[in-house]
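**Q** Got a structure for you, written out below as structure tokens; questions coming shortly.
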Amino acid sequence: MILSLLCMTVGQMNSLTFNFTVICMQDIVEDYHKDNRTDLHWMEDPSQKSFIFSGVAIGAVIGLIPLVPMLDQIGLRITFTLFGLISAASSLLFPLAVSIDFYAVFFVRILQGIGTSILYTVVAYIPGIWAPKNEMGTFLAVLSCGFQLSNIICMPVSGILCESEYGWRPIYYIFGSLTVLVYVAFFFFYSDAPKNHFHVSPKELSMICAEKKPKQGKESVPYRAICSDKCVLATWLAMCGRNVAFYVLILYGPTYLREVLHFDVKGTGWAAALPFVSCAAVKFASGQLTDRLTMFSEKTKFITCTLISMIGLAFGFMIMSLTTYRTIAQISYTFAVTLSGITIMGTIKCLQLRCQQHVHFATAVIAFMACIWQFVVPLGVGYLCPNNTPEDWSFLFIIVSVIVIVANIPFPFLTTAEPADYAKRQ
């Protein structure tokens with residue numbers, strides 16, 4: 001589990017690094033104009049910069065196309081390692097791409113997206129194989145903390161290096177090299193089946209497999225049945241609302257803190273990272289609680305997690321839209337980030353219970369929709385906040401709050417903890 005968490009963390013870090021370093025890459029613009037060029041560098045063109053942000057989403061869509069067949073045919077161990085090495089290459093090549101042109105940077109961002117496309121699926125896939133049934137929430141919480149740990153590590157390290165004599169380029173070399181080491185270790189130590197792992201004792205194997213129905217050969221994924229399941233559709237819609245808010249925070253949190261709240265570069269790094277510390281802590285605590293509060297039904301627990309997270313997100317964004325005080329805005333930003341993490345404890349847990357052995361397809365769809373939002377959000381922010389004024393951001397935050405609330409209305413009424421007919425093994 002620790003190796004899987006590290007893989008999740010470094011894979012996400014590689015796609016996040018540009019979101020921060022974009023605020024300290026002015027040297028490439030200065031170098032560009034040293035030859036008295038009058039045309040704009042892509043860093044000065046809002047539309048081109050938005051496409052660079054969206055490149056990760058395009059790559060993630062491309063990566064999702066072969067993902068489900070690859071998991072079915074060659075398993076998670078090889079598939080995850082391949083995607084991780086692509087992510088590592090994208091980070092190592094990024095400084096070189098910046099020295100070439102816009103299209104090279106866009107291509108490398110696409111590679112970063114391919115590397116992240118598997119992460120949502122891994123969060124649901126590994127607990128289904130390796131977690132005892134009474135520890136599923138804890139496994140889910142720990143693995144999904146990779147999304148928070150990536151920010152906790154990436155933002156401060158980037159802030160420190162950006163203001164050092166070394167600049168922003170070593171950030172990509174450090175993260176890329178670390179990614180290679182972590183994924184190679186994963187390849188040698190992970191096993192697709194607990195019974196085949198050399199460190200799993202018979203006692204541990206019996207605990208892992210207890211109350212799980214054995215898999216009888218390969219099963220075809222019932223795509224149509226899953227896509228017409230009201231419970232799954234309501235969960236997908238809830239995650240759409242969450243992802244709109246999440247990508248505004250992830251992609252533009254540093255920009256908001258720097259341009260609107262006026263933190264310095266190093267301060268931006270810490271201010272962007274610290275909310276994710278509280279997010280990881282709250283998520284881990286919620287994982288423990290969902291496993292131990294056996295007096296409540298599974299449906300009650302995953303609905304509670306989802307609604308607390310979504311209401312908190314909408315409330316945080318609404319306060320940010322209304323206040324003109326930096327301290328209140330920062331607290332609201334922290335509050336929204338903190339509660340954004342436990343959404344997964346509700347939505348992914350719901351899909352695990354409903355789709356069972358086919359959860360990898362259900363989460364792959366979530367990843368696909370996340371890619372769409374990851375592409376749309378930069379375009380929307382570029383359109384609504386062209387000048388980075390507080391008024392522009394306030395209007396954006398109101399829109400995000402409304403989307404989050406509306407998208408989550410069906411979830412409590414249409415979801416269930418009962419396995420679907422298509423997931424019941426004979």
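Keep in mind that glycine also has a Cβ here, set from the backbone N, Cα and C atoms.
In TrEMBL, annotation is done automatically, which means it is predicted and not curated.
Annotations per TrEMBL:
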DOMAIN    1-419  domain 'Major facilitator superfamily (MFS) profile'
TRANSMEM  50-68  transmembrane segment
TRANSMEM  80-100  transmembrane segment
TRANSMEM  106-126  transmembrane segment
TRANSMEM  138-159  transmembrane segment
TRANSMEM  171-190  transmembrane segment
TRANSMEM  231-250  transmembrane segment
TRANSMEM  270-290  transmembrane segment
TRANSMEM  302-322  transmembrane segment
TRANSMEM  328-348  transmembrane segment
TRANSMEM  360-381  transmembrane segment
TRANSMEM  393-415  transmembrane segment
**Q** Could you pull out which residues elsewhere in the chain have a CB under 8 Å from any CB of the transmembrane segment (360-381), counting only those six or more residues past its ends?
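**A** Residues packing against the transmembrane segment (360-381) from afar: 50-51, 53-54, 56-58, 60-61, 64, 67-68, 71, 113, 117-121, 123-125, 221, 223, 226-227, 232, 235-236, 239-240, 243-244, 247-248, 251-252, 347-348, 351, 354, 396.
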**Q** For the transmembrane segment (171-190), what are the same-chain contacts with Cβ under 8 Å, counting residues 6+ beyond its ends?
**A** 3-4, 6-7, 10-11, 13-14, 17, 21, 76-78, 80-81, 84-85, 87-92, 94-95, 154, 157-158, 161-162
**Q** Per the 3+ Cβ pairs under 8 Å rule, pairs at least 6 apart in sequence, do the transmembrane segment (231-250) and the transmembrane segment (302-322) touch?
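**A** Yes, the transmembrane segment (231-250) and the transmembrane segment (302-322) are in contact.
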